[in-house]
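Following: one structure in structure tokens, then a few remarks.
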Amino acid sequence: MGLIDVLKSFKSPSGREIRILLLGLDNAGKTTILKQLSSEDVQHVTPTKGFNVKTVAAMGDIRLNVWDIGGQRSIRPYWSNYYENIDTLIFVIDSNDKKRFDEMNIELGELLDEEKLRKVPVLIFANKQDLVTAASSEEITRKLNLDLLRDRTWHIQACSALKNEGINDGITWVASNLKPASKK
């Protein structure tokens, strides 16, 4: 079951464009998740040096725009160029890269403090759960102090992008937490 199938179950006014921003540190698995969502081969994924955008027709004339922005330190200052009109923020964490948890915490904290993203639901994919040394989603919740987030809708989802495990559960959460489209 791919992203389209999950979203077909989500009732939304026709003509809606759902914009998802996919962020995280380099090598977290963002592009692999994007490729899984669009049912593409994930065997030969290369690091994103700028951004990838996939537009997927979901149901009727509903369009999904998933923006995958590179996570290298040199690219992160440009993340703010993509904050406008975001329906959901997905932050991907390499659960096996425990040495970088402090860096992840800083970057996620800056995103959560961003005014343009203040009311945007946040899904945190705790990726690479297929590795035996990966931190659990509970451990990541503690390390990143996610339980302190009281003024925002958020969810952490354990996943393995490579094995396509947990991704649909996360996207189902995204679909159930989308705000109704505003009337123009």
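Every residue, even glycine, has its Cβ placed from backbone N, Cα and C.
It should be emphasised that the depicted structure is a prediction, and the values quoted were computed from it without experimental measurement.
Among the features that Swiss-Prot reports, N-myristoyl glycine is placed at G2.
Under the heading GTP binding site, Swiss-Prot lists 24-31, 68-72, 127-130, citing similarity to another entry as support. According to its DSSP assignment, Q72 (GTP binding site) is coil.
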Cβ atoms near Q129 (GTP binding site) (within 10 Å, other residues, all chains): 22
CB contacts for G24 (GTP binding site) [other CB atoms within 10 A, all chains]: 25
Other CB atoms, at most 10 A from the CB of Q72 (GTP binding site): 13
Set of same-chain residues at least 6 away whose C-beta sits under 8 angstroms from K30 (GTP binding site): L22, L23, G24, T48, D68, I69, G71, V92
